[in-house]
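These come from Swiss-Prot:
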- 44-51, 70-74, 88-91, 155-158, 182-184: GTP binding site (BINDING)
- 51, 72: Mg(2+) binding site (BINDING)
- 36-198: domain 'EngB-type G' (DOMAIN)
């Protein structure tokens, strides 16, 4: 009887350990793509909430966030519980960085989106309060030209009204792009995003 209880306790402990292992984790930061496995890319202007979204999907803080734009300046790689790769790219369009740093970030982004990269889909994140900017349109055109599947994530919808959200959806419709209104902070519509990541 004691041996039987011990056996079941060991099985229970083993399953708990396996479940603990199956969580999101940070892998590494690189100036270029250092993995050949299929991956989902998150890109957007500085301070739109890319890192916050990674944390919301992971249900824990694995990506460093800051109220100051320009925190992410390398490719940050993560792996989820299903062993899928996610890439948090540097934010573009932040004016308060040196010209040298800006060129460096541009090179990292351009280098990542080469046509031979193993990218399953790109998620371009907007601040829903601001909407599309000229830089966003340029980035959208570039990603499409490179042949990658593109989705628009309008983040921070918890800080917008119905009229603003309707305008965003109409703009996406004109661009013929799939658009999902989300809030990384409140986790609004994250379940729908999870479906896109399957």
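Cβ atoms are placed via backbone N, Cα and C, with glycine included.
Calculated from their C-alpha atoms, the gap between residue 182 (GTP binding site) and residue 51 (Mg(2+) binding site) amounts to 14 Å. With respect to their backbone Cα atoms, residue 74 (GTP binding site) and residue 51 (Mg(2+) binding site) stand 12 Å from each other. Cβ neighbour density within 10 Å is lowest for 156 among the binding-site residues 50, 156. If you draw a 10 Å sphere around the CB of residue 74 (GTP binding site), it holds 16 other CB atoms from the protein chains shown. A coil conformation is recorded for residue 74 (GTP binding site) in the three-state DSSP classification, outside any helix or strand. In this model, the domain 'EngB-type G' (36-198) carries an average pLDDT of 91.
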